[in-house]
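Asks: Mind having a look at this structure? Questions to follow.
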Amino acid sequence: MDLSELERDNTGRCRLNSPVPAVCRKEPCVLGIDEAGRGPVLGPMVYAICYCPLTRLADLEALKVADSKTLSESERFRLFAKMEEDGDFVGWALDVLSPNLISTSMLGRVKYNLNSLSHDTATELVRYALDQGVKVAQVFVDTVGPPETYQEWLQQRFPGIEVTVKAKADALFPVVSAASICAKVARDQAVKNWQFVEKLQDLDADYGSGYPNDPKTKAWLRKHVDPVFGFPQFVRFSWRTAQSILETEAEDVTWEDSQTGDQEGLGRIKSYFSESPRTRPRLPHRYFQERGLESATTL
């Protein structure tokens, strides 16, 4: 899977897709939707669709696709490679949503929660398949939120398509299993080859699972938090785990219009620029490096 576009710019959204098999433009197709990386505090979330003609669904099942969470990394890559070999009847597309996009969406002035982002991304991928000429007749989706509500929402947007939304659809419908494999392969590769725009000192590539309750992930977050600029863009700073670490490890900010109160014990932004026992040796943040700025102790 070629993720070079994401590696060039991993701050927003990136779409990847296979060629559309000619048969999928001629025969009614079944399409599955699933995601990978919804829960982790690190790395992107990936939404994927996989589709094939209804007449070739048995051939897709014969590949022994399964819920990606039940497969090893090597098994997922093997099955994805097999689907690529069968590109004469199997197609896929996916959207990689960066941690930066997720967090800025969730914390914007107009709130855009993760469920809404997921629903809209799934909808856009179905529309993309239709725009590419795929004759989508049936859609199967692994639910986000109540399945009945989500199914009604999708059915209203695609009235000519039979939509089925189920919990654990990736374990029930092979075409959703295939989509889950595409999504997980893309996320694994994106995380493994993540291009840090920040120049991190002693970068530790062992993040653990990336999930908020993983002690190794929490230790990585504490190691790589900047007291003023926060986390690298690899981190979903809207997650509660990240926010809690910012509250304890980063400097406090007092705004001019904030109510005055007991500020004793709170750090100040200016302490970032001074030597103190609290500060640890670190490289200058990229904000200063890109602008050629250095600390000046005398004028």
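Backbone N, Cα and C define each Cβ position, glycine as well.
TrEMBL entries are annotated by machine, without manual review.
Computed from a predicted structure; not experimentally measured.
As annotated in TrEMBL:
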| type | residues | note |
| --- | --- | --- |
| BINDING | D34, E35, D142 | divalent metal cation binding site |
| DOMAIN | 28-251 | domain 'RNase H type-2' |
| REGION | 253-280 | region 'Disordered' |
Asks: If you count the other Cβ atoms within 10 Å of each Cβ, which of the binding-site residues D34, E35, D142 comes out on top?
Replies: D34
Asks: Same chain, not part of D34, E35, D142: whose C-beta falls within 8 angstroms of the C-beta centre of the divalent metal cation site? Give them in sequence order.
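Replies: Those within range, site residues removed, are I33, A36, Y47, A48, V141, V144, A169, D170, V176, A179, S180, A183.
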